[in-house]
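What Swiss-Prot records for this protein:
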type	residues	note
BINDING	D7, V8, G9, N10, T11, R12, L13, K14, T133	ATP binding site
BINDING	Y96, G103, A104, D105, R106, T183	substrate binding site
ACT_SITE	D105	active site, proton acceptor
Amino acid sequence: MTFLAIDVGNTRLKWALYTHPHRDAPLLAQGAEFLDNIDKLADGAWATLTPPTHMLGCIVAGDAVRRRVEAQMELWDVAPQWVVASAGEAGLTNGYDYPARLGADRWVAMIGAWHHAFSTGPARPLVVVMVGTAVTVDAIDASGKFLGGLILPGHGIMLRALESGTAGLHVPTGEVREFPTNTSDALTSGGTFAIAGAVNCMVQHLRDHCGTEPKCIMAGGAGWKMAPSMSVQFELVDNLIFDGLLEMAARRFID
């Protein structure tokens, strides 16, 4: 029984094929494609894969992209299943006002982070940070309840917004400096410290709410860029979305 996990973000599709849907399942193959190139998957990277028996995916790119992905999956006899956030799954309780409106990527990442944290120690409050096109900073208490979270623009969106709305700011990407002395560094540093400040704020809110020190887990394509600028302790975790999909699939696909 093979399992295909798919993570479709705003710019890229990432996929991973496992021997079976379980946290510790061996990885058979993996890859990534920009969304412009996903129509080549069936004749390219997926053509020689062992056919998956189950698939679970997370998508934020919209229905048109979802249909393109499903068209590529027609080379296999497998039913596409896409995550929609629910009131609770895999040990987490969803505290969103309307649970189904929570982004699937946030929900899956929180499930992955919760089980990752729980596997390395006792349950404790958790802040989950995803750094990508957008940045999300989500809080979970020690019982596994998602309390709420923040959404803010990622580095690229911040810079493009300033460039489009302010004359004279079409400048190269700069470096993060404590005291920037040129416009490029000022823009890059401002965006970086804005994200770091949001994380610090949520850690403090969760600390005050729960009365204990939270653990912070960071993931996402640009997470490593934030590492030098963070003032709170955190763990950088790769493939948090895949971790969450594996946890969910292990409970959904029980043969």
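Using N, Cα and C of the backbone, Cβ positions are placed for all residues, glycine too.
Positions of Swiss-Prot features highlighted on the structure.
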| residue | record | Cβ neighbours (10 Å) |
| --- | --- | --- |
| D7 | ATP binding site | 24 |
| G9 | ATP binding site | 22 |
| T11 | ATP binding site | 13 |
| Y96 | substrate binding site | 17 |
| G103 | substrate binding site | 19 |
| A104 | substrate binding site | 20 |
| D105 | substrate binding site | 25 |
| R106 | substrate binding site | 24 |
| T133 | ATP binding site | 18 |
| T183 | substrate binding site | 15 |
In whole Å, how far does the CA atom of D7 (ATP binding site) lie from that of R106 (substrate binding site)?
12
Recorded substrate site residues Y96, G103, A104, D105, R106, T183, farthest C-alpha pair in Å:
39
Can you check what DSSP calls T183 (substrate binding site), collapsed to helix, strand or coil?
helix
Looking only at D7, V8, G9, N10, T11, R12, L13, K14, T133, the residues listed as binding ATP, what is the longest Cα to Cα distance in Å?
15
For L13 (ATP binding site), what residues in its own chain, 6 or more apart in sequence, show a Cβ-Cβ distance under 8 Å?
I6, D7, A32, E33, F34, L35, I38, L41, V69
Expressed to the nearest Å, what is the distance separating G103 (substrate binding site) and G9 (ATP binding site) at their Cα atoms?
11
